[in-house]
Amino acid sequence: MEIIIISGHSGAGKSVALRCLEDIGYYCVDNLPLDLLPQLASILSTNQQSVAISLDIRNLPHSSKTLENLLTEVQQQHQIKLIFLDADRGTLIRRYSDSRRLHPLSTQDLSLEAAIDAERKYLDPLTQHADLIIDTTRLSTHELAERLRDFLCEKSDKALKIIFQSFGFKYGLPLDADYVFDVRFLPNPHWIPELRPLTGLDAPVAEFLNKQNEVNHFIYLTRNYIETWLPMLEQNNRSYLTIAIGCTGGKHRSVYITEQLGEYFQAKGKNVQIQHKSLAKHKKANTQ
């Protein structure tokens with residue numbers, strides 16, 4: 001089992017890092033007492049492949065030797081990577097001032113600045129065990145997430161899932177759509193009696209639409225639009241991209257075009273899912 005340990009200075013972005021790892025498929029545990037790590041690893045190894053835990057100064061052992069012994073014990077059976085997050089003193093002070101949260105070491109006798117300095121002195125030995133040290137001083141949350149993704153090299157897990165979704169405007173817009181394309185202006189198989197009971201998944205409808213220059217031109221332009229901006233969307237730290245194609249009833253045109261777009265990007269090696277939101281309504285109506 002792979003275990004990622006996220007540690008570092010309070011205010012450096014451990015919570016952001018843990019959310020990122022959760023988004024790419026890690027089972028995450030926040031602020032685990034390090035003494036419980038061997039027990040947790042034993043329990044989770046039966047049904048988890050990738051686990052991430054965050055540690056702050058309150059959960060670390062009092063000596064670096066104890067930490068080293070614990071990590072060595074767990075490494076005998078599992079693959080461990082320690083990621084340490086850092087930021088400069090001024091940035092940590094500003095982040096705490098902006099959030100108005102209390103530093104873990106702050107007491108009535110210890111100011112925020114003194115608490116940050118004390119934590120830095122305590123955590124310095126931990127950096128010697130780190131597989132990766134990230135300075136988040138000038139990083140946005142998206143940039144931090146991308147650094148983590150690149151380090152973990154989980155290309156298949158981090159791949160953006162593109163959902164191509166057909167729907168009927170008569171049933172309303174899909175609430176989860178990032179982009180909506182309206183194809184109600186294209187030639188409609190509904191007005192051809194022999195095609196009316198069929199759907200965009202059926203060969204006669206596909207053959208009819210494939211003969212329409214307007215349909216092919218729309219697919220070409222839409223495909224190019226998506227290809228143009230997809231690299232930026234893939235770098236934008238998102239897990240899903242939902243592209244909805246709508247016609248009047250979600251039965252013919254939108255279904256065919258959704259299939260064409262989805263199959264094209266699947267052939268390009270993208271992580272694609274094809275959905276037809278309104279087809280079930282037509283099938284249900286036909287059985288009644």
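Count begins at 1; order follows the chain as displayed.
Including glycine, each Cβ sits where the backbone N, Cα and C put it.
According to Swiss-Prot, the protein has these features:
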type: BINDING; residues: Gly8, His9, Ser10, Gly11, Ala12, Gly13, Lys14, Ser15; note: ATP binding site
type: BINDING; residues: Asp56, Ile57, Arg58, Asn59; note: GTP binding site
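Close to Ile57 (GTP binding site), meaning Cα to Cα within 10 A, are none of the binding-site residues out of Gly11, Ala12, Gly13, Lys14, Ser15. Distance noted between the C-alpha atoms of Ser10 (ATP binding site) and Asp56 (GTP binding site) is 7 Å.
Taking the binding-site residues His9, Lys14, Arg58 in turn, the residue surrounded by the fewest other Cβ atoms inside 10 Å of its Cβ turns out to be Arg58. According to DSSP, Ala12 (ATP binding site) is assigned to coil rather than to any helix or strand. If you draw a 10 Å sphere around the CB of Asp56 (GTP binding site), it holds 19 other CB atoms from the protein chains shown. Here Gly8 (ATP binding site) is compared against the binding-site residues Asp56, Arg58, Asn59, and the shortest C-alpha distance is to Asp56.
When the Cα of Gly11 (ATP binding site) is compared against those of the binding-site residues Asp56, Arg58, Asn59, the shortest separation belongs to Asp56.
Taking each Cβ in turn and tallying the other Cβ atoms within 10 Å, the top scorer among the binding-site residues Gly8, Gly11, Gly13 is Gly8. The Cβ of Ala12 (ATP binding site) lies under 8 Å from the Cβ of Leu85, Asp86, Ala87, Leu92, Thr136, each of which sits 6+ residues away along the same chain.
Across the structure, Asp56 (GTP binding site) and Lys14 (ATP binding site) are spaced 9 Å apart at their Cα atoms.
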